[in-house]
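What follows is a short report on a single structure.
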């Protein structure tokens, strides 16, 4: 209720009528106790240092990063978001307890069936990998997809990217393009080339792991 009360106070300048009505009903139900007769006259939320928990923030950041990493690897290998997978998190020992306490959230949010925590790991064949700010994550994918079919798909995608990179490189090496195109167009093309190269490098990495 504390969070809701503070949220209503912060949102009130943008949505005065709706927040005022919600706050009035909360007061009538004795869920919010404040001497102010109206939300418009209630005090602005004060910072409560006791509610700030750095360790909890670090745990949440690592959890969300791990969930994103698993989801991204599933997407890159054309697996359904809900496909159960085994995940290996390689982290310094002090982080094991932190992430272990939130393991059930990672399993539920990322579709992880089995979670293993390690301090070091030797990557094996058919293990997808991703970098985390504090370590690495591995997903053993053997039996979850057809490697040969995935190689064909990735090679097709890589061929398209390489054609786009060749076109972009031609534009950026053209004196006429560099002299006549607006600066923002040139910068956008360079940024696009960088993104395409990163994606192509990632696909090449996947192909090397599949072969």
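Glycine too: its Cβ is placed from the backbone N, Cα and C atoms.
Annotated in TrEMBL:
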- 151-206: coiled coil (COILED)
- 3-88: domain 'Methionyl/Valyl/Leucyl/Isoleucyl-tRNA synthetase anticodon-binding' (DOMAIN)
- 148-210: domain 'Valyl-tRNA synthetase tRNA-binding arm' (DOMAIN)
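With DSSP states grouped into helix (H, G, I), strand (E, B) and coil, the domain 'Methionyl/Valyl/Leucyl/Isoleucyl-tRNA synthetase anticodon-binding' (3-88) comes out at 51 helix, 4 strand, 31 coil.
Averaged over the domain 'Methionyl/Valyl/Leucyl/Isoleucyl-tRNA synthetase anticodon-binding' (3-88), the predicted model reaches a pLDDT of 87. Per-class residue totals from DSSP over the domain 'Valyl-tRNA synthetase tRNA-binding arm' (148-210), listed helix then strand then coil: 59 helix, 0 strand, 4 coil.
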